[in-house]
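Quick notes on the structure that follows.
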Amino acid sequence: MAEFWTSYLWPLLVVIGQSLLLLILLLITIAYILLADRKIWAAVQIRRGPNVVGPWGLLQSFADLLKFVFKEPMIPSGANKGVFLLAPLVSCVLALAAWAVIPVNAGWVIADINVGVLYILAVSSLSVYGIIMAGWSSNSKYPFLAALRSAAQMVSYEVSIGFVIIAVLLCVGSLNLTAIVEAQNTKWGLLGWYWLPLFPVFVIFYVSALAETNRPPFDLVEAESELVAGFMVEYASTPYLLFMLGEYVAITTMCAMGAILFLGGWLPPVPYAPFTWVPGIIWFMLKGFFMFFLFAMAKAIVPRYRYDQLMRLGWKVFLPLSLVMVVIVAGVLQFAGLAPQ
């Protein structure tokens, strides 16, 4: 019995506890990221934004949560009820699953697997199924059209993100997220992070992440002027909330990936005191919020692309450009003798 406790039950309880703690912290982070998104958008438009609920509007997201929970969920008469209700759950759970392998500090990760980047790419690819299920089961033309757009859009830009990962892999020699951060730990500080030598790759990743998460200017899936609310037209109450939660969790995942792949993860920008006194998780959060600020500014200042422009950018610009960058990075590493052994 003692062996069963120490070998199986206790490790299982530890993982469950870590997962619940991560979930709670992630949900609180999402609440304030959503508020920051609205505040940034308001500032660009010279408005005040949410400022009534709580001091400076800090409790606005929790008020919105209560509003959604107490609304009545509606199911269209011709909808496939099972698939209709399962779709938001699939979208949300798959978005949350990606955080199992993301290290927020040295050793602070639930599963430190050697293929962490591929795991995140695979899980984010599966999240499109939730949108397709919602579009098909709603028995409405607008959600169905949005689901078709989403499938094409996510497949198109996952290719570019895949080549971005290959470029970073060539520099590091590992798909382990912790190893990628440690490879950027040099005496040069932020000048040794991959955003500088791989700047074109960083730009490709940033724009592809916008498209992958259906953020403006690539929000063709839920284009208000064309498709009302896209695949979420027929949803209300908690199912709608789950879709929103899945969307913002996916955004935080991409922000965390950008911080790890290009901004040194939890490493300080200057590897000397007093910067080294700051806990690594604080640096990780600051870099994640910087990436989200770039996401929010794109929403505030860039007009929406047409669908044909979106596809053209993905297949005719980013795909060949990312492939060329992979070849250039591989060539430079080989001829300069910098390739990882």
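Cβ atoms are placed via backbone N, Cα and C, with glycine included.
Listed in Swiss-Prot:
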type     : residues : note
TRANSMEM : 13-33    : transmembrane segment
TRANSMEM : 82-102   : transmembrane segment
TRANSMEM : 115-135  : transmembrane segment
TRANSMEM : 161-181  : transmembrane segment
TRANSMEM : 190-210  : transmembrane segment
TRANSMEM : 248-268  : transmembrane segment
TRANSMEM : 277-297  : transmembrane segment
TRANSMEM : 317-337  : transmembrane segment
### Message
Which range wins on Cβ pairs under 8 Å with the transmembrane segment (190-210): 115-135, 248-268, 277-297?
### Response
248-268
### Task
Mind checking which residues of the chain, 6+ beyond the ends of the transmembrane segment (115-135), have their Cβ under 8 Å from one of its Cβ atoms?
83-84, 86-92, 94-95, 97-98, 100-102, 143-148, 150-151, 154-155, 158, 161-162, 165, 168-169, 175-178, 180, 212, 221, 231-232, 235, 243, 246, 250, 253, 257, 261
### Task
Determine whether the transmembrane segment (317-337) and the transmembrane segment (161-181) share at least three Cβ pairs under 8 Å, counting only pairs 6 or more apart in sequence.
yes
### Query
Cβ under 8 Å to the transmembrane segment (161-181), counting only same-chain residues 6 or more beyond its ends: which ones?
101-103, 106, 109, 112-118, 121, 194, 197-198, 201, 204-205, 208-209, 212, 260-262, 264-267, 319, 322-323, 325-326, 329-330, 333, 339-341
### Task
Give residue numbers and ranges for long-range contacts of the transmembrane segment (277-297): same chain, 6 or more residues beyond its ends, CB-CB under 8 A.
33, 36-37, 40-41, 44, 104-106, 108, 206, 209-210, 213, 215, 251-252, 254-256, 258-259, 263-269
